[in-house]
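Asks: Below: one structure in structure tokens.
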Amino acid sequence: MTRVAVNGVTGQMGGAVIEAATDSEVVVGFATSDTDAVDDVPVVHPAEAAAALREYDVDVVVDFAVPKGALTVAEACVEAGVPMVVGTTGFDEDGLARLQDASEEIPLLKATNFSQGIQVLQRLISEAVGTLDDYDLELMETHHNRKVDAPSGTASSILDVIQEERDVEPVYGREGHAPREDDEIGVFARRAGDVRGEHELVLAGNDEVLSLSHRAEDRGVFAAGALDAATWLVGRDSGWYEFGDVVDA
């Protein structure tokens with residue numbers, strides 16, 4: 001059974017990973033809070049992560065935290081030689097570069113979304129945008145009111161997929177008094193209630209509209225996907241991996 005450490009264990013996704021770990025064992029968690037344990041899982045401060053990874057004989061780390069904490073634990077994983085699955089979003093360019101550096105020493109899988117449905121959605125979007133190359137594009141995402149980064153990491157990944165097919169300029173939260181330009185894509189983020197995650201791309205042409213969307217009903221789907229990625233990552237060579245590699249395996 002894969003021995004997993006969870007970074008951000010006191011958060012909602014951390015709890016979801018513990019709950020979803022039926023074929024893996026969560027042996028330790030990392031958090032900056034004063035909590036000693038979560039569901040009988042001991043909690044250690046991220047600054048002590050390297051020692052804890054050795055003490056608890058951890059096979060792989062699953063991370064759903066904030067960028068600063070994720071980078072601290074990534075350094076610990078490099079020190080201890082432990083693979084890491086990074087689900088944290090909102091990294092700046094320096095943070096992403098530091099993760100890339102870590103992937104030269106350990107297997108590191110970075111994903112903005114661990115849903116198989118999102119993987120399929122991105123492939124459908126790539127085909128649709130490439131085929132309907134003169135259609136207007138609008139991208140919308142909705143998440144719970146506690147999410148701090150906007151647009152979501154998944155929306156940013158979808159935008160990357162679109163820009164691989166078309167040279168479009170994102171317009172965030174459209175406002176003002178001017179017509180739409182042909183080479184732009186509207187990107188909108190909504191924060192309300194306890195929405196797990198909704199993403200939709202609208203492609204609009206003359207007299208027809210195509211909508212491609214995905215809705216997560218429960219955050220457990222992300223936790224299960226992250227654990228699948230963690231099990232898959234153990235034993236891999238050092239390098240940078242993505243969730244699509246797991247889905248295609």
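In case you wondered, yes, glycine gets a Cβ from its N, Cα and C as well.
Taken from Swiss-Prot, the feature NAD(+) binding site covers GLY8, VAL9, THR10, GLY11, GLN12, MET13, GLY87, THR88, THR89, ALA111, THR112, ASN113, PHE114, and the record attributes it to sequence analysis. Under the heading active site, proton donor/acceptor, Swiss-Prot lists HIS143, citing sequence analysis as support. Sequence annotations record features per position, and here Swiss-Prot assigns (S)-2,3,4,5-tetrahydrodipicolinate binding site to HIS144, GLY153, THR154. According to Swiss-Prot, the active site, proton donor annotation covers LYS147, on the basis of sequence analysis.
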Asks: Report the nearest neighbour of GLY153 ((S)-2,3,4,5-tetrahydrodipicolinate binding site) in space among the recorded positions GLY8, GLN12, THR112, HIS143, comparing Cα positions.
Replies: THR112
Asks: Please name the residue among the active-site residues HIS143, LYS147 whose C-beta has the most neighbouring C-beta atoms within 10 angstroms.
Replies: HIS143
Asks: How many whole Å apart are the CA atoms of GLY8 (NAD(+) binding site) and HIS144 ((S)-2,3,4,5-tetrahydrodipicolinate binding site)?
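Replies: Distance (Cα to Cα, whole Å): 18 Å.
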Asks: Counting all other Cβ atoms within 10 Å across every protein chain shown, which of the binding-site residues GLN12, PHE114, GLY153 scores highest?
Replies: PHE114
Asks: Under a three-state reading of DSSP, tell me whether HIS144 ((S)-2,3,4,5-tetrahydrodipicolinate binding site) is helix, strand or coil.
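Replies: Reduced to three states, the DSSP call for HIS144 ((S)-2,3,4,5-tetrahydrodipicolinate binding site) is coil.
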Asks: Beyond HIS144, GLY153, THR154, what residues of that chain have CB atoms within 8 A of the centre of the (S)-2,3,4,5-tetrahydrodipicolinate site's CB atoms?
Replies: THR89, THR112, ASN113, GLU141, HIS143, LYS147, ASP149, SER152, ALA155, GLY197
